[in-house]
Structure formats: C-alpha cells, structure tokens
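Pulled from TrEMBL, these are the features on record:
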- 12-33: transmembrane segment (TRANSMEM)
- 59-79: transmembrane segment (TRANSMEM)
- 91-118: transmembrane segment (TRANSMEM)
- 138-160: transmembrane segment (TRANSMEM)
- 172-199: transmembrane segment (TRANSMEM)
- 205-225: transmembrane segment (TRANSMEM)
- 246-269: transmembrane segment (TRANSMEM)
- 275-296: transmembrane segment (TRANSMEM)
- 361-383: transmembrane segment (TRANSMEM)
- 395-414: transmembrane segment (TRANSMEM)
- 438-460: transmembrane segment (TRANSMEM)
- 510-532: transmembrane segment (TRANSMEM)
C-alpha cells in the first residue's frame with residue numbers, strides 16, 4: 001500500500017496542487033506535535049541548546065538548497081529532457097554530485113570550526129551549554145547533505161508528476177525528529193535530538209528515492225564543472241541564494257541576541273515563529289505559487305491588463321483571508337498556545353505559565369503582520385514574472401538589516417521600568433511577567449515584515465505604472481477591516497461567555513472554547529461578507545467541496561493503482 005501511494009502519479013495540475021496542499025497541512029499538524037514534544041520534553045536550557053545547534057546546519061541547507069536549487073534545476077532539466085534524455089540523466093548526476101560534494105565540504109569545514117562559530121552565535125550561553133551545542137551541531141551537519149541530495153530528487157519527481165512522494169518527504173522528516181525526542185533522547189541524552197534530525201533527513205531521502213528509481217533515475221557520480229547547464233542552474237540560483245542567505249543570517253543574529261536574554265528565550269521565539277509560519281505555508285505560499293505561471297505567461301505575451309487582473313484578484317483573496325486570521329491569532333493567542341504547546345501530550349511538563357504567556361504575547365505581536373507576510377511571496381513573484389529578481393532581493397536584504405536594528409533597539413527599551421515596556425505589557429495583559437525583552441524579537445520582525453510588504457508594493461506600482469489602474473476594488477480593504485472588527489467583537493464576547501460553559505483548565509475544554517468562538521466569528525464574518533457583496537466566501541466553499549470530492553475519488557485511484 002505504501003509503495004502504491006509513493007509511486008502514485010498525479011495526472012493534472014489541480015490534482016497536484018491538491019495533494020501538495022493536503023500533505024502540507026498534515027506536515028504542519030506533525031510539526032506542531034513535534035514542537036509540543038520539544039516544549040514539554042526539554043527544559044528551557046535544553047530547548048535553547050537544540051534550536052541554537054539547529055540554526056547553523058539549517059543555514060547551510062538554506063543558502064544552497066532553499067535558495068532555489070529545485071526551482072532553478074527543474075526548468076533546465078525539463079528543457080534538457082525534451083531535447084536529449086541521456087543528456088538530462090547526465091545533468092541529474094552532475095547536479096547530484098556537485099551539490100553532494102559542495103554540501104559535504106561546507107558541512108565538514110563548519111563542523112571543524114563549530115566551537116568558534118557557536119561562540120559567536122550564542123555568546124550568552126555558559127561553557128557547558130556551548131559544548132552541548134557544538135556536539136549537537138556537528139551531528140546535525142549530516143542533515144543538510146542528505147536533505148540537499150533529496151531536494152534534487154524532488155525536482156525530478158515534480159517533473160514526472162510524482163507529487164505525493166515529494167509532499168510526504170517533509171512529514172517523514174518531522175516524524176524522524178519526533179522519534180529522536182521520544183526514543184533517542186531518553187537513551188543517550190541531548191545528542192539523541194541531533195540523531196533524530198539526521199534520521200528524519202534519511203527518511204526524507206528514502207521516501208523520494210524509491211519513486212525516483214521507478215522513473216529510471218539512479219544517482220551516480222559524475223562531475224562536469226564546465227557543463228553549460230550546471231552553470232545556468234547556478235546562475236538562476238544566485239539572486240534567491242543571496243536572499244535566502246540573508247534570511248537565515250537574520251535568524252542566526254536573532255538567536256545570538258536571544259541567547260543573551262533569559263533562559264528559554266530562543267525556545268519561546270522559535271515556538272511563536274513556527275506558528276507565525278503556518279498562515280504563510282497554508283495561504284500565502286500556495287496562492288503565490290499557483291498564480292505565478294499565469295503571471296509569467298501574461299508577461300511573456302505582454303498582456304498587461306490580464307496580468308493586473310490576476311495579480312489584483314489573488315491579492316484580494318489573500319487579504320480577505322489573512323486580515324481576519326490576524327485578528328483571530330491575536331484574540332485566541334493564549335488559547336492557541338495553551339492548546340498546542342501547553343497540553344502535555346508528552347507528559348513532560350516543561351512548558352509552564354511563564355513560557356505560555358510570553359509565547360502567546362509573541363504570537364499576538366506576530367499576528368499584526370500576518371497579512372503582510374502572506375502577501376510578500378505574491379508581490380515577489382510578480383517581480384519574478386517581470387524578469388526582475390534583483391528588486392525583491394534588495395528589499396529583502398534591506399528589511400533584514402532594518403529588522404536587526406529594530407531588534408537591538410526594542411530589546412534595549414523593553415527592560416524593567418521602561419514606559420514603553422509597561423505600555424506593551426498592558427496592551428498584551430502581561431503586566432506581572434518578567435523578561436519582557438524577549439518580546440522585542442517578534443516586535444522587530446513584525447515591523448520589518450510590514451516594511452518589506454509596503455516597499456514591495458510601492459516599487460511594484462511604480463514599475464508597472466498602476467496610476468491608471470485600481471489595484472483593489474473601491475474600499476475593499478476598508479470593508480474587510482470593518483467586517484473583521486465586527487466579527488472580532490463577536491469572537492471576544494464568545495470567548496468570555498464560553499469560559500463559563502467549558503472547563504478551560506482541560507485540553508478538551510480549551511478545544512471546545514476555540515471551536516465555539518471561532519465558529520461564531522467565522523459565521524459572522526462570512527455573513528457580513530456575503531451581505532456586502534464579497535465573492536470570496538462562495539468561491540472558497542465551492543473549492544472546499546471540490547477538494548472533498550477529489551480526495552475521495554483520487555484515493556480510490558491510489559488504492560487501485562499498481
């Protein structure tokens with residue numbers, strides 16, 4: 001059965017998109033479960049060590065792989081496959097060998113100098129913590145090598161429409177980390193966490209290896225540095241690699257600053273940041289990826305009006321979904337954090353009230369910029385479709401530099417007794433908590449994200465001369481804000497009311513409080529949207545029904561396919 005699922009070949013673009021979205025959602029569920037285990041199995045100090053150690057190998061993987069190797073490899077491979085299949089096989093082996101050697105060499109070099117690097121990344125750690133971080137980081141350096149090779153497999157599988165194996169790989173990666181927490185950690189201590197990461201990377205690799213063999217691709221060693229196609233891939237990667245490198249460097253600097261704060265600060269930031277990424281992964285990225293081919297075709301055919309309509313329609317849809325979602329995250333911040341991280345699924349109990357309140361406050365601050373974070377990928381791809389990769393990269397780098405200055409500034413002014421700290425504490429209802437400096441990290445990131453969004457929008461309007469074209473329907477944003485405000489008031493009163501009905505000290509009580517309040521709020525939002533003439537609720541409902549039908553039909557196909 002598992003082999004049939006992994007070897008299932010999607011036959012349409014919509015089906016591929018459905019499977020990617022479905023398994024992405026499952027991946028986020030498993031990622032939240034992983035974070036719950038990390039929050040409860042590990043003490044604050046241990047969790048800080050884990051996330052600090054994870055940051056450097058993740059940087060290696062980020063700059064070389066998430067920097068765009070799959071996006072750059074796929075079009076070159078597709079062109080090569082159409083012209084000469086043997087040349088395409090050679091290209092695959094050449095790219096496989098090049099990145100295997102590059103990742104291995106870089107990881108080996110960084111592993112040697114790990115003590116010096118870790119000392120720079122976590123200056124606030126004790127000598128014992130730094131030694132533990134070095135051990136974990138050195139073990140974790142195996143993961144970017146394995147994941148890097150697996151990412152190249154992903155490019156081939158996407159070309160041949162094997163989207164299930166590609167979409168399942170991240171799920172197995174998180175499953176490996178969970179196995180490390182549950183089984184390896186009790187046996188050998190903190191190094192077991194690193195072994196779990198490596199084990200997850202191996203599962204990511206093998207899940208994609210079997211379908212790869214099915215289409216006739218066996219990885220082999222072939223290195224041709226003068227290959228024109230290899231050079232073309234590296235050239236296509238360059239702008240996105242710079243942007244990805246700046247992003248991961250930003251996280252490293254944030255980790256360094258957090259290490260100087262109270263124990264658990266790195267843990268709190270990462271837990272909140274992972275929740276912040278869920279709307280981006282489920283709304284922002286899928287919309288941007290889905291519309292990107294259409295935007296590119298419109299630009300290629302010089303169909304400006306069609307390009308603007310597609311961009312405007314997608315922009316409106318994301319805004320319609322994410323503005324109320326921002327309000328939802330802010331209002332339900334404590335309930336969400338208590339349910340997802342405070343519920344002791346692992347029976348560990350290292351996530352207390354202090355961690356809960358500060359993580360919830362961080363989520364509340366992140367909520368301010370959820371809509372912007374989800375719209376940034378769309379605006380960036382609008383530039384890419386216009387064959388301008390430099391502008392979004394420049395803006396991304398500038399916003400990262402801006403974020404670092406803001407981080408330093410807010411951490412400094414959120415100390416005890418500061419007027420701004422008291423104002424923020426009153427706003428978030430954490431007046432009696434210490435170590436509010438931690439909140440400077442999400443506050444800086446949210447403001448810089450808003451800045452990145454408005455800068456991208458400003459330069460995009462100037463680039464395509466939007467003076468004569470209305471980007472949104474008249475008063476669209478104002479209408480969304482108004483119905484969001486009304487539905488938020490409904491959610492607030494439902495939260496207060498349901499607290500008297502349900503035992504919110506239990507997981508089940510918290511769950512039903514969120515379900516009840518969110519259901520009323522969503523119903524109010526959709527009713528007002530329909531009354532005001534919005535088309536989005538009807539379209540979303542139709543898509544949901546269509547996805548359910550496809551789910552039933554295509555999984556019957558998987559069961560019957562050899």
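Each residue, glycine too, has its Cβ placed from N, Cα and C.
Contact check: the transmembrane segment (205-225) against the transmembrane segment (138-160) gives at least three Cβ pairs closer than 8 Å, residues 6 or more apart, which meets the contact criterion. Residues 242-243, 246-247, 249-250, 253-254, 257, 261, 380, 420-421, 424, 436-437, 439-441, 443-445, 447-449, 451-452, 455-456, 459 of the same chain lie 6+ residues outside the transmembrane segment (395-414) yet bring a C-beta within less than 8 angstroms of a C-beta in it.
Long-range contacts of the transmembrane segment (275-296) within its own chain (CB-CB distance under 8 A, at least 6 residues past either end) are made by residues 17, 20-21, 24-25, 28, 32, 307, 310-311, 314, 317-318, 321-322, 325, 329, 336-337, 340, 363, 366, 370, 373-378, 380-382, 384-385, 442. Highlighted: of the candidate stretches 172-199, 361-383, 510-532, 172-199 has the greatest count of Cβ pairs under 8 Å to the transmembrane segment (138-160). Residues of the same chain lying 6 or more positions beyond the ends of the transmembrane segment (510-532) and with a Cβ under 8 Å from any Cβ of it are 320, 324, 328, 332, 335-336, 338-339, 343, 479, 483-484, 486-488, 490-491, 494-495, 498-499, 501-502, 504, 538.
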